[in-house]
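Asks: Quick one: structure below, then a few questions.
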Amino acid sequence: MSFEILGIGTVNPVHSIEQIEAATHAEALSCSAESTEQQRRLLPVLYRRAGVKTRHSVVLESSTNGEMARQSFYPPAESESDQGPTTSQRMQAYESNAASLAVSAVEAALQASQVAPGEITQLITVSCSGFSAPGFDIALVRELGLTADVARTHVGFMGCHGALNGLRIAKAFTDNDPQARVLVCAVELCSLHQQYGWCPDKIVANALFADGAAAVVGKQASGEVVDHWQLIASGSTIVPDSEEMMSWRIGNNGFEMTLSPRIPDLIHQNLRPWLKQWLLQQGMNIEDVGSWAIHPGGPRILSAVAETVGFEESLLSPSREVLARYGNMSSPTVLFILKKLKAEQARLPCVMLGFGPGLTIEAALINDCDLSQV
């Protein structure tokens, strides 16, 4: 059985920032009076290398008075000891902003799917950039008219592949109930975790991450070829001896990301053997894949995937374009890419890939029918 995707909705905060402007803002946070001239020259270089042109953020405001006037959440660093807002302050901002983005994304997904809010039987929420209880799941029930007895599940703190974990749960629900109508909603406000000080790992993360939300509505597929794309299978693996290569930890001043420069090499060494075996279990070879929705953790990660899997660079275009236009929004990002591929009528089957702390690899196989049922 497979999970038929009836509709996808995506949304971003209203205000956006160009990467060159973001680099100027970052200098005020990462470079204090004690910073060297070399550090000041390197920072915009790191921002240019991120592959991002524009990002959206909930901390941005409208202003004609320069970059720093566009936001008041992050005061400029006056010394190397400055760390910015506390985690409590950042979580208050998350609670104030996450629900409205979630509501907008779900409204778009429901409209695309032509499913009424009251028909939703299971609600799966996904987020790794904030916590609050009651959470935005309760806001979705209240604001959109989901039933009070909708079954709620939260995928928390799993990182950039969280939406793939959410889709796996959705498929499990619909596999066991042909009447189920499942809603998955991923919301991330990564810009609330801008880190102060001079640390190349943190600056790279600051240069990549952004805010966004995406939602999917689906049901058990009929087994026939339809216009809707379907989740056929999913897979997961943990790369050995890689626990410290990527981390996402709660600090006193926000959540702290570490990204080892070895990650592309680990992907290069480990992805293809596992992916080949997983696809064989689905009766496929790598060469059978028509399109790829690869989470853009960064330009080097995308290049490492293409090199080790062995497909043309042009197949990375959707992932690179989403990264450039929106930045790395963590878990919603692969759904932005999937929506783009669907709109462009990309070739099927499609493989979705995401990477997260562990180092973990998550995959999903998308097609217009489950060939094992034909």
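Even glycines carry a Cβ here, placed using N, Cα and C.
Just so you know, TrEMBL annotations are computer predictions that nobody has curated.
Look at TrEMBL and you will find 5-217 tagged as domain 'Chalcone/stilbene synthase N-terminal'. Summarising the annotation, TrEMBL assigns region 'Disordered' to 61-88. Marked as active site, acyl-thioester intermediate by TrEMBL: Cys160. What TrEMBL lists as domain 'Chalcone/stilbene synthase C-terminal' is 231-367.
For the listed features, I'd like the structural context: burial, neighbours, distances.
Replies: Counting only residues at least six positions away in the same chain, the Cβ atoms of Cys128, His295, Gly297, Asn328, Ser330, Ser331, Thr333, Val334, Gly354, Phe355, Gly356 sit under 8 Å from the Cβ of Cys160 (active site, acyl-thioester intermediate).
When the domain 'Chalcone/stilbene synthase C-terminal' (231-367) is classified with DSSP, helix, strand and coil residues number 58 helix, 40 strand, 39 coil.
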Asks: Per DSSP, to which secondary structure element type does Cys160 (active site, acyl-thioester intermediate) belong, with helix, strand and coil as the options?
Replies: coil
